[in-house]
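Each remark here refers to the structure printed beneath this line.
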Amino acid sequence: MTNSFTLAELGWGPFFQQQLTLEELEANTVARVISHHKSQLQLLAPLGETALHLSPTMPSLCVGDWIVIDQQGSFVRKLERMTLFSRKSPGSSINIQLLAANIDTVFLVMSLNHDFNLSRLERYLTLVNEAGAEPVVVLTKADLCNHTETLRNQVQQLGPLLNVVCVNALDSDSTCSLRPWCAPGKTLAVLGSSGVGKSSLLNTLLGTGSLATARIREDDSKGRHTTTARSLHVVKNIGLFMDTPGMRELQLSDVEEGLAVTFSDIDALIQTCRFTDCSHKNEPGCAILKALKSGELEERRLQNYQKISREQALNSASLAQRRAKDKALSKMYRATLAGNMKRKT
Ligand SMILES: Nc1nc2c(ncn2[C@@H]2O[C@H](COP(=O)(O)OP(=O)(O)OP(=O)(O)O)[C@@H](O)[C@H]2O)c(=O)[nH]1
Ligand SMILES: [Zn+2]
């Protein structure tokens, strides 16, 4: 091992500390999950890296989790998460898949040229707000754009408190403005479409090669890649970086909270419509129609809100439906099995 880290450098803080009793602290130690393999977790603690074999009695864990382990290195318990990214498992499974825990900040990267799209950004914001992490919108390729301020203002319209930063991802002076979110102990993830400059940004911020070096740990001794799964990397003096392959697809389900935060302006307007079941089409006293007319609310934003709401309702309903169907099916299996057993006796 070439590096050792303090608990604080690994992301430890009061939120986790207060979950432990003094007795627990004396008898045990804590560690952070840095990668998740088929049968084991890789953990990082101030004393170094260890593996923990998964057992069926353990709760579901994911990269970024903090766990308590005893002196023998056995699992004791999982600590409550500060933030959590999860999604419906790919395919038709009814399971919720945990993606990454305890990410503090997500850089939502969008370029100021061809990729610029406010509705897509709202989808990303919904995802990040649902997880409880802090979004920072990073608009790249500022050096190639001659109306940066106009586009920046359009993004700022999505939320007065939203962090919006324009950068040239290839220039370290320019990316300085992102430093406040890259401090030791801060866990960072980067999301955005292909080609927008995510890798360039990380290389500029973290120092060229740091990530490449970190990724080598995922190779076996023969230099073969053993995993392409999500993993957490500590970069000395800079912070923690969550590598998140597979988190790019934007299928939204169970994101009610994220929607409410991202579209809090629309939520607030709906509360003031005269009728509680207002469809915002032609009712008198409709606050949404009034805001559209006055220009306070943009038609595009409303339509995107309605689209994401429909999608989330549909996905969540089908998820609930599948859960119910699965339950009914296993009940039927059990009944059939019990019937067969009876006949045999
Ligand atoms: N001029 C300029 N070029 C940039 C900027 N950011 C990225 N690029 C260039 O855009 C191209 C794509 O950048 P990448 O960093 O590979 O993009 P990415 O988001 O990591 O792409 P994927 O790996 O496909 O997800 C590269 O040629 C970069 O040099 C920027 O701010 N300004
Ligand atoms: Zn209305």
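A Cβ is built for glycine as well, from the same backbone N, Cα and C atoms used for every other residue.
The shown structure was predicted, so the numbers you read here are calculated from the model rather than taken from an experiment.
Copied over from TrEMBL, here are the features:
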- T140, K141, A142, D143, G192, S193, S194, G195, V196, G197, K198, S199, S200: GTP binding site (BINDING)
- C273, C278, H280, C286: Zn(2+) binding site (BINDING)
- 92-250: domain 'CP-type G' (DOMAIN)
- 101-248: domain 'EngC GTPase' (DOMAIN)
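Each of the binding-site residues T140, S194, S200 was scored by other CB atoms within 10 A of its CB, and the lowest score goes to S194.
Considering only the binding-site residues C273, C278, H280, C286, the residue whose Cα is spatially closest to the Cα of G192 (GTP binding site) is H280. Cα-Cα distance from C273 (Zn(2+) binding site) to S200 (GTP binding site): 46 Å (rounded to the nearest whole number). Candidate binding-site residues: T140, A142, G192, V196, K198, S200. Not one of them has a Cβ under 6 Å from ligand 2. Closest in space to S194 (GTP binding site), of the binding-site residues given as C278, H280, C286, is H280, taking the CA atom of each residue. Here C286 (Zn(2+) binding site) is positioned 42 angstrom away from K198 (GTP binding site), judged by their C-alpha atoms. Those same-chain residues not listed among C273, C278, H280, C286 yet with C-beta within 8 angstroms of the centroid of the Zn(2+) site C-beta atoms are I270, R274, F275, S279, K281, E283, G285, A287, I288, L289.
In this structure the C-alpha atoms belonging to S200 (GTP binding site) and C278 (Zn(2+) binding site) are separated by 47 Å.
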